[in-house]
């Protein structure tokens, strides 16, 4: 029977979820993950503990629109209409309530600490039997690793406690509430709490028990906390493992702690001591603490490159050696410090190849499983990332163990963001909110500080800068001086950060915002008195078709030592799977669930799609971040290793010389490069081709053997140089038949053998081509100056909020999308060996001329059509997106073959990873399926394109797909696209960059804008 003090009515009346001074009730203190082994060998080998029991699985669930709607009887028994859900999960992914995607704007009315009366509430219940031995002695705990956003817990009708902070564990002592036989848990989860005001991250807002739930049985006298730290001499040849252990329970003289350090099966060091002993101040020391220090000779150091791990086992036992309990953790010997303006790991300056990562799954929402976590880490390592920022909250505890094992540097970030507050520091400068903020920072440190992968603490994200930040910065520095602290808020360089950590600062361009100027990263280093390293906490906003200009950042990182890299925003698109009326899955974004407010597709900024399929931009990141750099002088290749600790022991350098993609010579050389060292490779005499074409030297670094994170044959680095371009000399050929020109009132028609070309005299366009009796065009060949807008072109512009500075709004306002062609000239001439068509068009909008396009089409006796285009751009119109030609081809061929840059999509400001070669791909692979449709699939540096019976030659860029630019521009989701008749071909003489420094302001660098007044290009179109 529920006692009055345990009743739901009492809890509802108290309204703990609207009191920032109440962050928990009866919650146990934070600590590292425990297993409570009763066998030290099991602790050493990390076997599953017999004292731990998972409660994951089917729970009963009932949803209510508000906590007041929950019946009191639910505390005692399941409701008749309760459903079954899987724990962990977000209830929105089971059809209850709706997920909400918003970036800055709070999803509730801003009135802290109060939340709406309509506060969706999930009532979970579970019955279970307890091991009777657990009831006889010791303490049984329940651990909720993550509940969003706040919850009350009852056991057998009695109230146990309350917890909030959705991203850290809430742990309670159940011992007094359990009995023999069947026990019942009841968990009331509220969607909104005062804690929601501290959790305004750019992500889907979801609810429920979304991380693991487990029981843990510990002895009455137990290890209640332990943390380890490593210290070194100057040359890292000797180390000390310092282990601080705390106990709880009856303090007896015969209690001892033993700490043993293991490397595999070998015990490296061990020490035993009683509790107490260390004097803290004039009153003495802690009687329930002990600190042991173990000396280690020549430790194998931990780094992301070589993640050497030891195992520390902490045993609590009696003086006669009887084991009471053991806990354990992996240990990495490594040192992090800032010295002379540089962030150092084991004495070497780091170059952070980082990415921000949200915990997101397209089917499961914010529920992470081990398979997905490992998949993310492997992809990061395979693409030359060495660091990850837990944006913007502590991650699932398993994540850190995996980062320790595989080798990734981690920025561990507190679950604090108040981006929607005005001003942003409204709460973080308010002492009433210090307890809540303190819980989020201190508990993160207490949980995760044993992980060697965690090299930096972060105070949170986008919360302004307040006095609470300064207080928490000081607390971390006093408790854990072994790690730097970073925090971007308030200008990225406040007192509360050891690292200048701006977001979206540009390489050379200042953004002098009021109060918090965002300087260029180069300028920031040179500000008077500034000596800290600079690491961008967010940069290169990878939204849709983006990451233009990425190479510029990496040029700066390698040029200026104190520019020590950054974290790309971000890793994975946050789209969610929905199903149409036929049960077909499709990818949804903000607003697709009826969620208001929402920020549309701004949740999709990933280098990989939600299912972890890579975006093309990921290859650019991989190439720029590669650990081997190359230079070529004559026949000598200089290979420079950017590894700090790893000697190349699993790398072969493959080289190949090819002429227009045809191999002429190749070879293979083992790499033997010391950390930060160089190797010179002398190539044999290279062939000198006699035929025309481009001669390229390509090198690849291949790993012949599999590693923990890559398969055998993995390519880790590559580079390409153009050695020469031999031009052909066209000799007089045998006389060809002269094309025949026929003129009518409406058309010029040119015939040659079985081919015909038709030019409409009213439009001036090539309106049709025939090969035999087969039409080749579904639409005329026309000039094209626009593209289906990228996310970077749109910026923050939307129907209800127009940003006139966005590229798409400039193009719309100027009439680029509405421009119509006025024919100024269309003539035909028969030459000695060809027919020449000359056209001039003025592309106009509302009486204003935007572009003048002059074209000649020369069709000779070989059947080739040489197209020459000269375009003049009006001085008062915005720089165009492209200058090219477009048409709809009648044929749909299976494959596309081209000689140019590839194989992946590339753009003028994102092409350093592309290689010049002859490529052949299915037509479907020429389209990049961005969830929000846009311009996509461009291939630059093309010399030849073959598709169906057609061939184009010249120096151009192209994309080819079943979707027109018009359809891409008018369609909101990729699943709504339909394959059109034929194939759309876009051939560009020039194409604007895509940008990507951020996605809300124009970010295409000047050198990649089409700012010239006139353009000239040529194209040869023939049939094979």
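Every residue, even glycine, has its Cβ placed from backbone N, Cα and C.
As recorded in Swiss-Prot:
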type     : residues                                     : note
ACT_SITE : 462                                          : active site, proton donor
ACT_SITE : 538                                          : active site, nucleophile
BINDING  : 103, 202, 462, 538, 539, 540, 541, 605, 1000 : substrate binding site
BINDING  : 202, 602, 605                                : Na(+) binding site
BINDING  : 417, 419, 462                                : Mg(2+) 1 binding site
BINDING  : 598                                          : Mg(2+) 2 binding site
SITE     : 358                                          : site 'Transition state stabilizer'
SITE     : 392                                          : site 'Transition state stabilizer'
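In terms of Cα spacing, the binding-site residues 103, 202, 539 that come within 10 Å of the residue listed as 'Mg(2+) 2 binding site' are 103.
Ranking the binding-site residues 103, 598, 605 by how many Cβ atoms sit within 10 Å of each one's Cβ puts 605 at the top. In sequence order, the recorded positions near residue 202 (Na(+) binding site) (Cα within 10 Å of its Cα) are 103, 358, 392, 417, 419, drawn from 103, 358, 392, 417, 419, 541. Its own atom aside, the Cβ of the residue listed as 'active site, proton donor' has 22 Cβ atoms within 10 angstroms in the protein chains shown. Taken residue by residue with DSSP, the residue listed as 'active site, nucleophile' is part of a strand.
Recorded residues residue 605 (Na(+) binding site) and the residue listed as 'active site, proton donor' have their alpha carbons 18 Å apart, per Cα-Cα distance. Residue 462 (active site, proton donor) falls within neither a helix nor a strand when secondary structure is assigned with DSSP, and so counts as coil. Taking only the Cα positions, the spacing between residue 1000 (substrate binding site) and residue 602 (Na(+) binding site) is 10 angstrom. Residue 541 (substrate binding site) has 602 as its nearest neighbour among the recorded positions 358, 417, 419, 462, 602, going by CA to CA distance.
Taking the mean position of the Cβ atoms of 202, 602, 605 as the Na(+) site, the remaining same-chain residues with a Cβ inside 8 Å of that point are 103, 543, 569, 570, 574, 599, 603, 604.
In this structure the alpha carbons, written CA, of residue 539 (substrate binding site) and residue 392 (site 'Transition state stabilizer') are 15 Å apart. When secondary structure is read from DSSP and collapsed to three states, residue 602 (Na(+) binding site) falls in the helix class. Here the candidates are the recorded positions 103, 392, 462, 538, 602, and by Cα distance the one nearest residue 417 (Mg(2+) 1 binding site) turns out to be 462.
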